[in-house]
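Undergrad: Below is a structure I'd like to ask you about.
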Amino acid sequence: MVQTLQKKGRVVVGMSGGVDSSVTAWLLKQQGYEVVGLFMKNWEDDDDSEYCSTRQDLLDAASVADLIGVEFEYVNFASEYKDRVFADFLREYSAGRTPNPDVLCNAEIKFKAFLDHAMSLGAEHIATGHYARVRAVDTARGQRFQLLKALDASKDQSYFLHRLNQAQLSRTLFPLGELHKTEVRRIAHEIGLHNAAKKDSTGICFIGERPFREFLNRYLPTAPGPILTPEGRRLGQHHGLAFYTLGQRKGLGIGGVKGQQREDGTADAWYSARKDLKNNALYVVQGHDHPWLLSDTLRAQDVNWVDGEAPAAGAYAAKTRYRQADAPCELRADEAGFDLSFAQAQWAVTPGQSAVLYDGDVCLGGGIII
(Lines of atoms letter the chains of each structure in order from A and count residues from 1; the text may use other names and numbers.)
(Lines give C-alpha, C1' and ligand atoms only; values in the text may rest on other atoms or scores of the structure.)
Protein backbone atom coordinates (compact mmCIF):
# COMPACT_ATOMS: atom_id res chain seq x y z
CA MET A 1 0.00 0.00 0.00
CA VAL A 2 1.16 3.51 -0.73
CA GLN A 3 -0.38 4.97 2.42
CA THR A 4 0.93 3.09 5.45
CA LEU A 5 -1.23 3.59 8.52
CA GLN A 6 1.14 2.96 11.41
CA LYS A 7 0.21 5.23 14.29
CA LYS A 8 -3.16 4.23 15.73
CA GLY A 9 -4.59 7.38 17.31
CA ARG A 10 -7.87 9.27 17.17
CA VAL A 11 -9.21 9.97 13.69
CA VAL A 12 -12.32 11.97 12.87
CA VAL A 13 -14.11 10.69 9.78
CA GLY A 14 -16.36 12.95 7.74
CA MET A 15 -19.50 10.82 7.50
CA SER A 16 -22.01 11.97 4.89
CA GLY A 17 -24.43 9.08 5.13
CA GLY A 18 -23.08 7.59 1.90
CA VAL A 19 -21.44 4.23 1.38
CA ASP A 20 -17.90 5.58 0.83
CA SER A 21 -17.55 7.46 4.12
CA SER A 22 -19.33 4.64 5.96
CA VAL A 23 -16.83 2.03 4.74
CA THR A 24 -14.00 4.47 5.48
CA ALA A 25 -15.05 4.64 9.14
CA TRP A 26 -15.35 0.85 9.37
CA LEU A 27 -11.95 0.24 7.75
CA LEU A 28 -10.18 2.62 10.13
CA LYS A 29 -11.81 1.02 13.15
CA GLN A 30 -10.65 -2.38 11.89
CA GLN A 31 -7.12 -0.99 11.63
CA GLY A 32 -7.14 -0.03 15.30
CA TYR A 33 -7.95 3.66 15.19
CA GLU A 34 -10.18 5.41 17.70
CA VAL A 35 -12.82 6.57 15.23
CA VAL A 36 -15.18 9.50 15.65
CA GLY A 37 -17.78 9.99 12.94
CA LEU A 38 -18.66 13.62 12.22
CA PHE A 39 -21.60 14.74 10.09
CA MET A 40 -21.26 18.21 8.57
CA LYS A 41 -24.34 20.31 7.85
CA ASN A 42 -23.27 22.93 5.35
CA TRP A 43 -26.48 24.25 3.82
CA GLU A 44 -29.69 25.37 5.51
CA ASP A 45 -31.34 28.01 3.31
CA ASP A 46 -34.10 25.64 2.25
CA ASP A 47 -34.11 22.71 4.65
CA ASP A 48 -37.76 22.04 3.85
CA SER A 49 -37.15 21.79 0.12
CA GLU A 50 -38.04 18.55 -1.62
CA TYR A 51 -34.45 18.47 -2.88
CA CYS A 52 -32.87 18.64 0.58
CA SER A 53 -31.68 15.22 1.76
CA THR A 54 -29.79 16.42 4.85
CA ARG A 55 -32.15 14.85 7.38
CA GLN A 56 -32.02 11.42 5.74
CA ASP A 57 -28.25 11.65 5.24
CA LEU A 58 -27.81 12.49 8.94
CA LEU A 59 -29.96 9.53 9.94
CA ASP A 60 -28.01 7.24 7.61
CA ALA A 61 -24.66 8.40 9.03
CA ALA A 62 -25.83 8.05 12.65
CA SER A 63 -27.23 4.59 11.94
CA VAL A 64 -23.94 3.41 10.43
CA ALA A 65 -21.94 4.83 13.34
CA ASP A 66 -24.18 2.95 15.77
CA LEU A 67 -23.88 -0.29 13.78
CA ILE A 68 -20.09 -0.27 13.57
CA GLY A 69 -19.71 1.02 17.12
CA VAL A 70 -18.05 4.42 16.78
CA GLU A 71 -18.69 7.75 18.45
CA PHE A 72 -20.82 10.11 16.36
CA GLU A 73 -21.08 13.90 16.36
CA TYR A 74 -22.74 16.66 14.35
CA VAL A 75 -21.42 20.09 13.38
CA ASN A 76 -22.96 23.00 11.49
CA PHE A 77 -20.66 24.74 8.98
CA ALA A 78 -23.45 26.50 7.05
CA SER A 79 -22.08 29.96 7.85
CA GLU A 80 -18.54 29.00 6.81
CA TYR A 81 -19.81 27.42 3.61
CA LYS A 82 -21.80 30.50 2.65
CA ASP A 83 -18.91 32.88 3.36
CA ARG A 84 -16.01 30.83 1.98
CA VAL A 85 -17.58 28.85 -0.87
CA PHE A 86 -21.03 30.01 -1.92
CA ALA A 87 -20.14 33.72 -2.09
CA ASP A 88 -17.28 32.89 -4.48
CA PHE A 89 -19.61 30.62 -6.45
CA LEU A 90 -22.01 33.52 -7.07
CA ARG A 91 -19.20 35.98 -7.87
CA GLU A 92 -17.82 33.65 -10.52
CA TYR A 93 -21.17 33.14 -12.21
CA SER A 94 -21.79 36.91 -12.13
CA ALA A 95 -18.48 37.38 -13.94
CA GLY A 96 -19.51 34.98 -16.70
CA ARG A 97 -17.36 32.09 -15.56
CA THR A 98 -18.31 28.52 -14.61
CA PRO A 99 -16.91 27.72 -11.15
CA ASN A 100 -16.35 24.32 -9.60
CA PRO A 101 -17.59 24.65 -6.00
CA ASP A 102 -16.45 21.13 -5.09
CA VAL A 103 -12.81 22.22 -5.41
CA LEU A 104 -13.22 25.21 -3.08
CA CYS A 105 -15.49 23.26 -0.73
CA ASN A 106 -12.77 20.66 -0.22
CA ALA A 107 -10.09 23.26 0.46
CA GLU A 108 -12.18 25.54 2.71
CA ILE A 109 -14.69 23.24 4.43
CA LYS A 110 -13.78 19.55 4.35
CA PHE A 111 -10.05 20.10 4.85
CA LYS A 112 -10.02 23.41 6.73
CA ALA A 113 -13.11 24.03 8.88
CA PHE A 114 -13.55 20.28 9.38
CA LEU A 115 -9.85 19.73 10.06
CA ASP A 116 -9.76 22.54 12.62
CA HIS A 117 -12.83 21.13 14.36
CA ALA A 118 -11.35 17.63 14.38
CA MET A 119 -8.13 18.90 15.96
CA SER A 120 -10.22 20.57 18.69
CA LEU A 121 -11.67 17.12 19.41
CA GLY A 122 -8.18 15.76 20.01
CA ALA A 123 -7.78 14.03 16.66
CA GLU A 124 -4.42 13.25 15.12
CA HIS A 125 -5.90 12.73 11.67
CA ILE A 126 -9.03 13.26 9.64
CA ALA A 127 -10.34 10.88 7.01
CA THR A 128 -12.87 11.11 4.20
CA GLY A 129 -14.32 8.76 1.63
CA HIS A 130 -12.48 10.38 -1.26
CA TYR A 131 -10.80 8.19 -3.86
CA ALA A 132 -7.22 9.46 -3.71
CA ARG A 133 -3.94 8.58 -1.98
CA VAL A 134 -1.32 10.33 0.15
CA ARG A 135 2.36 9.36 0.13
CA ALA A 136 5.07 10.64 2.46
CA VAL A 137 8.47 11.08 0.79
CA ASP A 138 11.85 12.17 2.12
CA THR A 139 13.41 15.06 0.23
CA ALA A 140 16.28 17.51 0.68
CA ARG A 141 13.65 19.84 2.19
CA GLY A 142 12.55 17.21 4.70
CA GLN A 143 9.47 15.02 4.63
CA ARG A 144 6.89 16.06 2.05
CA PHE A 145 3.42 14.70 1.31
CA GLN A 146 2.31 13.89 -2.20
CA LEU A 147 -1.27 13.68 -3.44
CA LEU A 148 -1.72 10.70 -5.76
CA LYS A 149 -4.48 9.44 -8.00
CA ALA A 150 -6.64 6.59 -6.69
CA LEU A 151 -6.05 3.07 -7.94
CA ASP A 152 -9.60 3.08 -9.32
CA ALA A 153 -9.10 5.46 -12.23
CA SER A 154 -12.85 5.66 -12.87
CA LYS A 155 -13.40 7.08 -9.37
CA ASP A 156 -10.22 9.11 -8.86
CA GLN A 157 -11.00 12.43 -7.15
CA SER A 158 -7.54 14.00 -7.00
CA TYR A 159 -8.78 16.67 -9.44
CA PHE A 160 -11.11 18.01 -6.73
CA LEU A 161 -8.36 17.85 -4.07
CA HIS A 162 -5.62 19.76 -5.88
CA ARG A 163 -5.91 22.80 -3.59
CA LEU A 164 -4.83 20.87 -0.49
CA ASN A 165 -1.54 21.87 1.11
CA GLN A 166 1.19 20.09 3.07
CA ALA A 167 -0.35 20.77 6.47
CA GLN A 168 -3.69 19.35 5.35
CA LEU A 169 -2.25 16.28 3.65
CA SER A 170 -0.04 15.46 6.64
CA ARG A 171 -3.20 15.04 8.73
CA THR A 172 -5.34 13.26 6.13
CA LEU A 173 -6.11 9.59 5.51
CA PHE A 174 -7.78 8.27 2.37
CA PRO A 175 -8.44 4.55 3.04
CA LEU A 176 -10.42 4.10 -0.18
CA GLY A 177 -7.55 5.20 -2.40
CA GLU A 178 -6.31 1.62 -2.65
CA LEU A 179 -9.75 0.14 -3.39
CA HIS A 180 -12.11 -0.08 -6.33
CA LYS A 181 -15.68 1.08 -5.91
CA THR A 182 -16.94 -2.47 -6.45
CA GLU A 183 -14.84 -3.60 -3.46
CA VAL A 184 -16.25 -0.79 -1.31
CA ARG A 185 -19.82 -1.81 -2.12
CA ARG A 186 -18.94 -5.45 -1.45
CA ILE A 187 -17.52 -4.58 1.98
CA ALA A 188 -20.62 -2.53 2.77
CA HIS A 189 -22.88 -5.46 1.93
CA GLU A 190 -20.74 -7.95 3.86
CA ILE A 191 -20.80 -5.92 7.09
CA GLY A 192 -24.52 -5.27 6.76
CA LEU A 193 -24.61 -1.53 6.09
CA HIS A 194 -28.15 -0.46 5.24
CA ASN A 195 -26.80 2.15 2.81
CA ALA A 196 -24.67 -0.33 0.85
CA ALA A 197 -26.67 0.29 -2.32
CA LYS A 198 -27.22 4.03 -1.80
CA LYS A 199 -26.47 5.96 -4.98
CA ASP A 200 -23.51 8.32 -5.13
CA SER A 201 -24.30 11.98 -4.52
CA THR A 202 -24.17 14.42 -7.43
CA GLY A 203 -25.00 18.08 -7.93
CA ILE A 204 -23.47 21.16 -6.33
CA CYS A 205 -21.27 20.35 -3.33
CA PHE A 206 -23.49 20.09 -0.21
CA ILE A 207 -26.44 21.72 -1.98
CA GLY A 208 -27.50 18.59 -3.79
CA GLU A 209 -29.56 17.70 -6.80
CA ARG A 210 -32.03 20.43 -7.64
CA PRO A 211 -33.03 22.37 -10.78
CA PHE A 212 -30.00 24.58 -11.36
CA ARG A 213 -31.76 27.48 -13.10
CA GLU A 214 -34.44 27.68 -10.43
CA PHE A 215 -31.81 27.56 -7.68
CA LEU A 216 -29.49 30.18 -9.19
CA ASN A 217 -32.37 32.56 -9.88
CA ARG A 218 -32.95 32.84 -6.14
CA TYR A 219 -29.51 34.36 -5.56
CA LEU A 220 -28.36 35.92 -8.82
CA PRO A 221 -30.18 38.50 -10.95
CA THR A 222 -30.16 37.40 -14.57
CA ALA A 223 -31.41 39.02 -17.76
CA PRO A 224 -32.34 37.45 -21.09
CA GLY A 225 -30.37 38.41 -24.16
CA PRO A 226 -29.64 37.41 -27.75
CA ILE A 227 -28.18 34.12 -28.94
CA LEU A 228 -25.89 34.93 -31.87
CA THR A 229 -23.73 33.13 -34.41
CA PRO A 230 -20.13 34.29 -34.99
CA GLU A 231 -21.46 36.15 -38.05
CA GLY A 232 -23.98 38.04 -35.91
CA ARG A 233 -27.11 36.16 -36.97
CA ARG A 234 -29.67 36.11 -34.16
CA LEU A 235 -31.00 32.61 -33.48
CA GLY A 236 -33.02 33.13 -30.33
CA GLN A 237 -32.95 34.39 -26.75
CA HIS A 238 -31.04 33.05 -23.76
CA HIS A 239 -32.40 33.07 -20.19
CA GLY A 240 -29.31 34.64 -18.58
CA LEU A 241 -25.61 34.08 -19.31
CA ALA A 242 -25.03 32.42 -15.94
CA PHE A 243 -27.09 29.42 -17.04
CA TYR A 244 -24.74 28.47 -19.88
CA THR A 245 -21.24 27.07 -20.07
CA LEU A 246 -18.75 26.49 -22.87
CA GLY A 247 -19.50 23.43 -24.94
CA GLN A 248 -23.11 23.20 -23.76
CA ARG A 249 -25.38 21.54 -26.29
CA LYS A 250 -28.61 20.79 -24.45
CA GLY A 251 -30.93 23.48 -23.20
CA LEU A 252 -29.96 26.20 -25.68
CA GLY A 253 -33.51 26.47 -26.95
CA ILE A 254 -32.48 26.64 -30.61
CA GLY A 255 -32.79 22.98 -31.55
CA GLY A 256 -35.12 23.74 -34.43
CA VAL A 257 -32.82 26.35 -35.97
CA LYS A 258 -31.01 25.13 -39.06
CA GLY A 259 -27.52 26.26 -39.80
CA GLN A 260 -25.17 25.00 -42.48
CA GLN A 261 -26.55 21.73 -43.81
CA ARG A 262 -25.01 18.74 -45.53
CA GLU A 263 -26.17 17.44 -48.89
CA ASP A 264 -28.50 14.97 -47.17
CA GLY A 265 -30.23 17.78 -45.29
CA THR A 266 -28.70 17.00 -41.89
CA ALA A 267 -26.77 19.56 -39.86
CA ASP A 268 -24.32 19.64 -36.96
CA ALA A 269 -25.59 20.53 -33.52
CA TRP A 270 -25.22 23.98 -31.96
CA TYR A 271 -22.86 24.52 -29.01
CA SER A 272 -22.40 27.40 -26.60
CA ALA A 273 -19.01 28.92 -27.40
CA ARG A 274 -18.56 32.43 -25.93
CA LYS A 275 -20.20 34.92 -23.60
CA ASP A 276 -20.23 38.65 -24.27
CA LEU A 277 -20.98 40.17 -20.86
CA LYS A 278 -20.89 43.75 -22.12
CA ASN A 279 -23.71 43.12 -24.59
CA ASN A 280 -25.30 40.24 -22.65
CA ALA A 281 -24.98 38.02 -25.72
CA LEU A 282 -24.41 34.28 -25.97
CA TYR A 283 -22.50 33.09 -29.02
CA VAL A 284 -23.13 29.62 -30.40
CA VAL A 285 -21.32 27.67 -33.09
CA GLN A 286 -22.21 24.69 -35.21
CA GLY A 287 -20.24 21.47 -34.86
CA HIS A 288 -18.41 19.80 -31.99
CA ASP A 289 -14.98 20.68 -33.41
CA HIS A 290 -15.62 24.29 -34.37
CA PRO A 291 -12.41 26.38 -33.93
CA TRP A 292 -14.09 28.52 -31.25
CA LEU A 293 -14.37 25.39 -29.06
CA LEU A 294 -10.72 24.34 -29.38
CA SER A 295 -7.73 25.72 -27.43
CA ASP A 296 -4.09 24.67 -27.54
CA THR A 297 -3.06 27.02 -24.70
CA LEU A 298 -4.52 28.29 -21.45
CA ARG A 299 -3.67 30.65 -18.61
CA ALA A 300 -4.50 29.88 -14.98
CA GLN A 301 -4.29 31.98 -11.84
CA ASP A 302 -5.21 31.63 -8.14
CA VAL A 303 -2.78 28.71 -8.09
CA ASN A 304 -2.07 26.11 -5.43
CA TRP A 305 0.98 23.85 -5.65
CA VAL A 306 0.61 20.83 -3.36
CA ASP A 307 4.32 20.80 -2.56
CA GLY A 308 4.34 24.51 -1.77
CA GLU A 309 6.63 25.32 -4.69
CA ALA A 310 5.95 25.47 -8.42
CA PRO A 311 7.24 22.56 -10.52
CA ALA A 312 10.06 23.20 -12.96
CA ALA A 313 9.08 24.15 -16.48
CA GLY A 314 8.68 21.14 -18.73
CA ALA A 315 6.46 18.32 -19.90
CA TYR A 316 3.54 17.17 -17.76
CA ALA A 317 -0.11 16.20 -18.18
CA ALA A 318 -3.21 18.19 -17.28
CA LYS A 319 -6.96 17.93 -16.88
CA THR A 320 -9.19 20.90 -17.59
CA ARG A 321 -12.34 19.10 -16.38
CA TYR A 322 -13.17 16.12 -14.18
CA ARG A 323 -13.06 12.66 -15.83
CA GLN A 324 -11.05 14.04 -18.74
CA ALA A 325 -8.14 11.92 -19.93
CA ASP A 326 -4.73 13.35 -19.03
CA ALA A 327 -3.59 15.67 -21.81
CA PRO A 328 0.17 16.05 -22.49
CA CYS A 329 1.27 19.65 -22.06
CA GLU A 330 4.17 22.01 -21.43
CA LEU A 331 4.16 24.07 -18.22
CA ARG A 332 5.54 27.56 -17.66
CA ALA A 333 4.84 28.86 -14.16
CA ASP A 334 5.40 32.35 -12.76
CA GLU A 335 4.48 34.21 -9.58
CA ALA A 336 1.02 35.14 -10.88
CA GLY A 337 -0.03 31.78 -12.30
CA PHE A 338 0.92 29.40 -15.06
CA ASP A 339 0.58 28.79 -18.79
CA LEU A 340 -0.04 25.44 -20.43
CA SER A 341 0.61 24.55 -24.07
CA PHE A 342 -1.04 21.36 -25.27
CA ALA A 343 0.25 18.92 -27.87
CA GLN A 344 -3.35 18.49 -29.05
CA ALA A 345 -6.01 21.20 -28.91
CA GLN A 346 -8.38 20.81 -25.95
CA TRP A 347 -12.15 21.04 -26.26
CA ALA A 348 -14.22 23.66 -24.42
CA VAL A 349 -11.55 24.94 -22.02
CA THR A 350 -13.83 26.83 -19.65
CA PRO A 351 -12.96 29.96 -17.61
CA GLY A 352 -13.67 29.35 -13.94
CA GLN A 353 -12.92 25.64 -14.08
CA SER A 354 -9.69 24.18 -12.71
CA ALA A 355 -6.64 23.20 -14.73
CA VAL A 356 -4.94 20.47 -12.70
CA LEU A 357 -1.40 19.30 -13.37
CA TYR A 358 -0.02 15.77 -13.03
CA ASP A 359 3.36 14.07 -13.16
CA GLY A 360 2.33 10.47 -13.66
CA ASP A 361 0.06 9.58 -10.74
CA VAL A 362 1.20 12.56 -8.67
CA CYS A 363 -1.16 15.55 -8.57
CA LEU A 364 1.07 18.63 -8.49
CA GLY A 365 -1.66 21.23 -8.02
CA GLY A 366 -3.53 23.59 -10.28
CA GLY A 367 -5.27 26.89 -10.79
CA ILE A 368 -8.39 28.59 -12.10
CA ILE A 369 -8.64 28.96 -15.88
CA ILE A 370 -9.05 32.57 -17.04
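Quick reminder: no glycine exception, Cβ is built from N, Cα and C everywhere.
As the structure is a computational prediction, the values presented were derived from the model and not from experiment.
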Undergrad: Gly14, Met15, Ser16, Gly17, Gly18, Val19, Asp20, Ser21, Met40 bind ATP according to Swiss-Prot; which of Gly129, Gly142, Gly177, Gly192 goes with them?
TA: Gly129
Undergrad: I'd like to confirm something. Which of the recorded positions, Cys105, His130, Gln353, has a Cα closest to the Cα of Gly18 (ATP binding site)?
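TA: In terms of Cα distance, Gly18 (ATP binding site) lies closest to His130.
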Undergrad: If you count the other Cβ atoms within 10 Å of each Cβ, which of the binding-site residues Gly14, Gly18 comes out on top?
TA: Gly14
Undergrad: Look up Cys105 (disulfide bond) in the DSSP assignment and report helix, strand or coil.
TA: helix
Undergrad: Quick one: which of these binding-site residues, Ser16, Asp20, Met40, have their CA within 10 A of His130 (site 'Interaction with tRNA')?
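TA: The binding-site residues passing the 10 Å Cα test are Asp20.
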Undergrad: Roughly how many angstrom lie between the C-alpha atoms of Cys105 (disulfide bond) and Met40 (ATP binding site)?
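TA: Just about 12 Å between their Cα atoms.
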Undergrad: Give the three-state DSSP assignment (helix, strand or coil) for Gln353 (site 'Interaction with tRNA').
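TA: The three-state answer is coil.
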